[in-house]
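The structure under discussion appears below in the form of C-alpha cells.
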C-alpha cells in the first residue's frame, strides 16, 4: 500500500506537466508533418534566362530509347518544342503570350464540349473534330519525331485530338515549318484513301466530318477529304491517305493520316500533329493489335531543358503505379476523363461540391483549369500556408502571384489531386508556379478558375511534369506514377 500511496500523488502532481509536454509534442508533430508536406523550389534555376534554345533542331529528332521486354513495346524521346528551334528566344514574351493563347484554347474547348453534349447540329462545320490541344501555343507543348514513308516528321503530341496529319505537297496554303513537307508522290508506300471506302466512312462516324462524297458541278469526288477547324480560326484541310509509320523500332503499315493541303495557325514549325484521342481514326486505335491500346508519356521539367519520353505498349519501368478508371462519356468520346474526388494542399484536405465530377486530362493544355469552387479552395489554403512573400498583381488567367526575385529557394506546399480508386497525382515542385516574368518578379500559382461551375475541368501539362501517365484504353484505366522524366 505504501508504494501505491507514494506513487499516486507523484502521478497526479506531474499530470499538468505531462499534459503540457504532450501538447508541445503534438505541436512538434504538426510542424514535422508540415515540413513533410512542403518542397523546396530553386527560384532562379530555370531556362527562362536563356536567349537561345540550347539545342539545334537536328538534335531534337526522336530516337528509340528503350526496346520493350516484348516486341510489342517501344519508347521514343520527346522534346519540348521551345528548346528545339535553335532561334533566339524572348522567354518573357513567349511565356506571357502562351497564357493568352491558352485561355483562347480553353474557351474554344468549352464551346466544343457544349456542342458535343448538345443534341443540335448547328454550326457543325466549325466543330468537325475535337479541338486540338496546344496547337495554338508557341512555347509550352511537346513534340515527337517519327518516320512517315521514310521521312522524318516532327509532330505535336496531343491526347485531345484523333486524326494524325502532316503538311503535304502540293500545298495550296501552308504555314512555315522546319524541314521539308511530306510529298506523297515520291513514296512508293503511300495510298490514297477513296471517298467511298469504309475507312472514309469511319472518319465521318468518328469525327463528325460531313460526308463529302457528293462532289460538285457533276464531278464525283474520289478522295476522302477532311476538315479540322479550331476556335481561333486555325485549321487544316486535306485528304486522307495511308502510309507506313516508324515508331522507334516498330513499323506500322497502312497507317491512315491526313495529308494537309491548306493549313493555317500557330503550329510553331512542326510538321503536323499526332492524334492520341479515343476514336477509331487515332493512332492509338490503329495500332491496337501492335501495342494493345496502351501508351504513356513522361513530360520533363522545362527548367532543365531535358527530354522526356513517349512509350507505346506496356510500360515496365514504373513500380508504384496507382490507377483510376477512365470515365465513360459517349458525348465526349474523344477525351480522356477522370473522376476527381479530392485534393490536398500541404496535407490539408479541401472541400468542394464539385469533387466527384469528371475532369479531362490533356497533354496540350498548359494551365490546369478547375471549377470555381475547387479553385477557390485551392487558392485560399495555398495562401494560408505560403506566407511572408511579396504579392504581385495577377496576369491574364492567373490571379495569385508573387515577387520572388530576392529569394534563391522557397518552401512551397505540396499539391495533390486525388482520383477515384485513391490514385494520386502529386504536382511536381516545378509545376506549382508559372513564371510570367523570367526574373521571378512575377511568379503565379499555375492554376486557373473556369468561368462557370458546370464547365469541365482540365488537367494541363504544366501539372503533369515528372509523372509517368499511362493510358490503357483496352482496360479503360489511367495510371499515374512519379518519375524523373529527364533523360
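Cβ from N, Cα, C; glycine included.
For reference, TrEMBL has these:
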- 158: active site (ACT_SITE)
- 362: active site (ACT_SITE)
- 142-481: domain 'Peptidase A1' (DOMAIN)
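When the alpha carbons of residue 158 (active site) and residue 362 (active site) are compared, the span between them is 7 angstrom. Cβ-based neighbour count (10 Å, all protein chains) for residue 158 (active site) stands at 26.
Looking at the domain 'Peptidase A1' (142-481) alone, the prediction's average pLDDT is 90. Cβ neighbours within 10 Å of residue 362 (active site), excluding its own Cβ and spanning all shown chains: 25.
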